[in-house]
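Below is one structure, written out as structure tokens; comments come after it.
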Amino acid sequence: MASIPKARTYNDAIDTLNTFQTPYHIAEQQRKAGIRPNVEYVREMRAYLSRIGYSTDELTSLKILHVAGTKGKGSTCAFANSILSRCRSGGDGSSLLKVGLLTSPHLMTVRERMCINSIPISEELFAKYFFEVYDKLTSSPDATVAPKGSAPIYARFLTLMSYHVFLQEKCQVSIYETGIGGEYDATNVVDHPVACAITTLAIDHVFALGNTVDKIAWHKAGILKAGSPAFTIPQAPEAAAVLEERAREKKVELRVLDVDPRLEKVNIRPSALFQKRNATLGIALAEEGLKSVDSNFTPDPKSLPPAFVEGLENMVCRGRCEVKPEGDEMLWHLDGAHTVDSLRIAAKWFAGECKSRKGPRVLIFNQQDRKEAIDFLKELHACAQGGEGRSFDTVIFCTNVTFATGCKRDSVNHQHDPEAIKKLSLQHAFAEKWRCLDPAAKVEVRPTIEEALSYARDLQGSLEEGEMVQAFITGSLHLVGGALGILDGTDAV
């Protein structure tokens, strides 16, 4: 454990939290040794939960909606959260539901990971609850599973902290997005969720979950629990087969949902099949959440309540299909897609957004420490062309470092190879690949997000009348988060 700061401010909490990250060289040693998430991970989480004073039975009062998947789990959680945060509790219905939301990763501030009614908890509350959990982990004599004085690593600590936060703040319904996988995920200490959902499955986190979609499906289905309603959407045949088999083993009825017909007159953005499927899962979860707190609630199979429609149409999921204008000559498009399938969808979305506009198209891309991402570029290039046979005029590869002076505390990441970042090794490899894909494109490498954005902005100086720079930032939520911090004017070291 790190030494306990005396002041115990928010910055102290973040600095201490950052010491829980697994350094790159240790992560590499674990990878080479074949150490993967396993059943011990969940046993340790249960031990840590006990150490901070809670039993798994007490988590039942949070009425948890549990979501796993490769693509769309963040959006599905956001839809369910947006709906429920607009619904009123049972009885006289005089007050709105109090809804907790745990998601990951964060874009600009760690506090985004723990929201109550769509608002990140305050810096004061974060520091208070962080050190309450920290102190209990340090002082507890129970060392039967996890060593005395130890603490879970970064994401697992935040998951543990979220249980404390939502219980202390008396949340009536809580929505939990898994981090990686499901079976051995830190969130999978919940024995009796109100409902579970599995979003679209694809290849990602290969080292931890396996290199085929059926292996990945096995992990994701680990969140399914007997007695809890479970939902998914149409999957690839090999993934669907595993989900069905796992559901039978767990004695769970897994419902495969088509797009909810009640969405026909609802303005879902973007108006694409993948997002309507995410919305469908969000509706199913929200309905189960409402049933758990209001015995009088009965879903109408023909129409959605006004709170549902409002929640769906006003859902905000930063960094996913987000468009930000900057004056009259600059338009930013941001999507944190990071798998080949999600990049394919995001590229088609960008191409659709730009098809009726004139002006240079710019790509800003990175995936740090993922050499296989080089192979993603071919699909990204092809799908961004749309029907015009035109991809990007300028392509910029950068690191996830925000400024030349570094990153703010909330964005510090010790899990990447510092030497590779310093040498821009992966960025130069990306650049070489793109030059082969499109010799006509101007390809640049920049060491920081700030410099990549500045290069794109400078292109406004050569625009002709009626043109605008159309920039697409994608490949990593960490990249998108750093860019949003700059564009919003909220990021500073």
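Just so it is clear, glycine is given a Cβ too, placed from its N, Cα and C backbone atoms.
Database features (TrEMBL):
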BINDING   SER104, GLU177, HIS205  Mg(2+) binding site
BINDING   ARG320, ASP335  ATP binding site
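Of all the binding-site residues in the list SER104, GLU177, HIS205, the shortest Cα-Cα distance to ARG320 (ATP binding site) is found for SER104. Here SER104 (Mg(2+) binding site) is positioned 15 angstrom away from ASP335 (ATP binding site), judged by their C-alpha atoms. Of the chain residues outside the Mg(2+) site list SER104, GLU177, HIS205, LYS73, THR103, PRO105, ALA155, THR178, GLY179, ILE180, ASP185 have their Cβ within 8 Å of the site's Cβ mean position. Listed in sequence order, ILE180, GLY181, ILE216 are the same-chain residues at least 6 apart in sequence whose CB falls under 8 Å from the CB of HIS205 (Mg(2+) binding site).
Around GLU177 (Mg(2+) binding site), taking its Cβ as the centre, 23 other Cβ atoms fall within 10 Å, counting all chains. Long-range Cβ neighbours of SER104 (Mg(2+) binding site) (same chain, at least 6 residues apart, Cβ-Cβ under 8 Å): ARG113, ALA155, LEU158, GLU177, GLY179.
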